[in-house]
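Okay, so here's the structure we're looking at.
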Amino acid sequence: MKYLTKSRVIATIAMLGCLSVSAWAETPTNQPESLTDKALKHEKLGVVVESANHKFAEKYRLQYDSWKATAESTDRSSALEADPRLVVLWAGYAFAKEYNKPRGHYYAVTDVREILRTGAPKDENDGPQPMACWTCKGPDVPRLIEEKGERGYFDPKWAKYGAEIVNSIGCADCHDTTSKAFEEGKPALRVARPHVLRALESVGWRFEDLDKHGKRVAVCSNCHVEYYFKDKKDVTFPWAKGVDVDSIEKYYDESQFTDWTHALSKAPMLKTQHPDFEVWSQGVHGKNGVTCIDCHMPKVKDKDGKVYTEHKIGNPFDRFDATCKTCHEQSKQTLQDRVKEHKAQVKEAMIRLEDQIVKAHFEAKVAWDAGATAEEMQDILMAIRHAQWRWDYSAAGHGNHFHAPDVMLHTIATGLDRVADARAKLGVVLTKHGVETPIVMPDISTREKAQKAVGIDIAKDQAAKDEFLRTVVPQWERQARERGLLPEVTPKSVTTPKVDAK
């Protein structure tokens, strides 16, 4: 393997699982109050956010067209159909209704509108979800937070600003698009979500003190992180004790936070989001200063030889010469085979853990039905919580098997330990209450059968969602066009620029 092109190395504080900023920091100078300082005081940042993506199409044509090409990632296949165990793991939570495989940034707003999890609100005060569900979906979010303040943004229901959040993840999520530097063609990277600035500060990643490589990672942490809704409203990163699986679990346990109570086992559950920043930081690439941008947004050339940053975020192997080959001497096939092997190992272990947790949930329900007491079940439910947290920390990320396969295998192994403890104790409780073991497990071989087993009526939810998409969403888009947040005519096609690796 060649020497890495970057000399900077992230130092990991093992005790806390925190990241050290020292290797990524620039020497600060006397400057006016920073955005981080304002965020820490919960003040408005005083920024201008031009959130309409289409307004940058002409000046930054190469970047814009490559960003727009994320629309080619159209596969929205159901993860619940591929693995019906997920329905049981999330029983009682909206993810058990619909959970699809991720697709391109271009669809961020469309997908959150259409997913069953956001319900079918009839007006701005209706629906099951808070505004927080929009927070990662596009640059209209930091614009609204600046206009309304954090309370004005986070307090309402999800439907309140449906006509305002219409631009999918784009330019102003990462760039200060109104700055002189951006006008001159410089990156002008910026984080304009106050809660993200506070979270970065909590792990020593003060945004203003980061060098350009650190800032490239930090803008991705706007969204590619684990988070929860504090007080069921505010997007919060649970990093106060560190970013590894044990530190975040400890944070949640000590704050007595629960995403939901499981419909079968009654365990106080946690739902991991997508801890990509956290897992990357623990892996070989993160520890050696290789950033998200290096692998997913490399420098490429257009047909005339002009160099620009590829914004069609995707698999690094699709741009092998511009990504992997800048550090590795091995062939593309060799590296692909290695990644495939890691993925298979992690997936196999993950399925084993899923199987055990599913059984634990059903066994716990039988125990409750047989008359088990809260005292008898207390330790069992916490073991189930911890086992599933470890499974989800491994499963919810994008490419965890690549970013840190050793960390994932260790995390899953500790999850297997926790669920083994839960099931051993369940065996004792079941026997005590006269239940023969093993219990009879229901058929969960398909998504439909699994949803029936946990009592979900999808037909009713889908009918309501269809009506919402037919009546409410067109009104949102009409209002957005009137305000200039969307172009008057939606582009009919997507042009992918032809590029060669630099």
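Cβ coordinates come from backbone N, Cα and C, glycine included.
Annotation for Cys223 (heme c 3 binding site): spatial neighbours Cys136, Ile169, Asp173, His274, criterion Cβ-Cβ under 8 Å with sequence separation of six or more. The heme c 3 binding site annotation in Swiss-Prot covers His105, Cys220, Cys223, His224 and rests on sequence analysis.
The heme binding site annotation in Swiss-Prot covers Cys133, Cys136, Lys137. Under DSSP, Lys137 (heme binding site) is assigned to coil, being neither helix nor strand in the three-state scheme.
According to Swiss-Prot, the feature heme c 2 binding site maps to Cys171, Cys174, His175, His311, an assignment based on sequence analysis. Its own atom aside, the Cβ of Cys171 (heme c 2 binding site) has 26 Cβ atoms within 10 angstroms in the protein chains shown.
A 10 Å cutoff on Cβ-Cβ distances gives Glu226 (Ca(2+) binding site) a total of 24 other Cβ atoms nearby, all chains included. According to Swiss-Prot, the feature Ca(2+) binding site maps to Glu226, Tyr227, Lys271, Gln273, an assignment based on sequence analysis.
Residues or ranges marked as substrate binding site by Swiss-Prot on the basis of sequence analysis: Tyr227, His274. Counting every protein chain shown, 22 other Cβ atoms lie within 10 Å of the Cβ of Tyr227 (Ca(2+) binding site).
His285 (heme c 5 binding site) falls within a helical segment according to DSSP. Of all the Cβ atoms in the protein chains shown, 19 others lie within 10 Å of the Cβ of His285 (heme c 5 binding site). According to Swiss-Prot, the heme c 5 binding site annotation covers His285, Cys324, Cys327, His328, on the basis of sequence analysis.
The heme c 4 binding site annotation in Swiss-Prot covers Cys292, Cys295, His296, His403 and rests on sequence analysis. Under the DSSP three-state reduction, Cys292 (heme c 4 binding site) is assigned to helix. Neighbour list (Cys292 (heme c 4 binding site), Cβ cut-off 8 Å, at least 6 residues apart, same chain): Arg216, Val217, Cys220, His224, Asp276, Trp280.
Feature annotation from Swiss-Prot assigns region 'Disordered' to 481-502.
If you look up Swiss-Prot, you'll see 1-25 marked as signal peptide.
Nearest by CA distance to His328 (heme c 5 binding site), out of the binding-site residues Lys137, Cys174, Glu226, His311, His403, is His403. Its Cβ taken as reference, His296 (heme c 4 binding site) is surrounded by 20 other Cβ atoms within 10 Å in the chains shown. Here the Cα atom of His403 (heme c 4 binding site) is found 20 Å from that of His105 (heme c 3 binding site). Spanning the residues His105, Cys220, Cys223, His224 that the record associates with binding heme c 3, the maximal Cα-Cα distance equals 12 Å.
Rounded to the nearest whole angstrom, the C-alpha distance between Gln273 (Ca(2+) binding site) and Cys295 (heme c 4 binding site) is 22.
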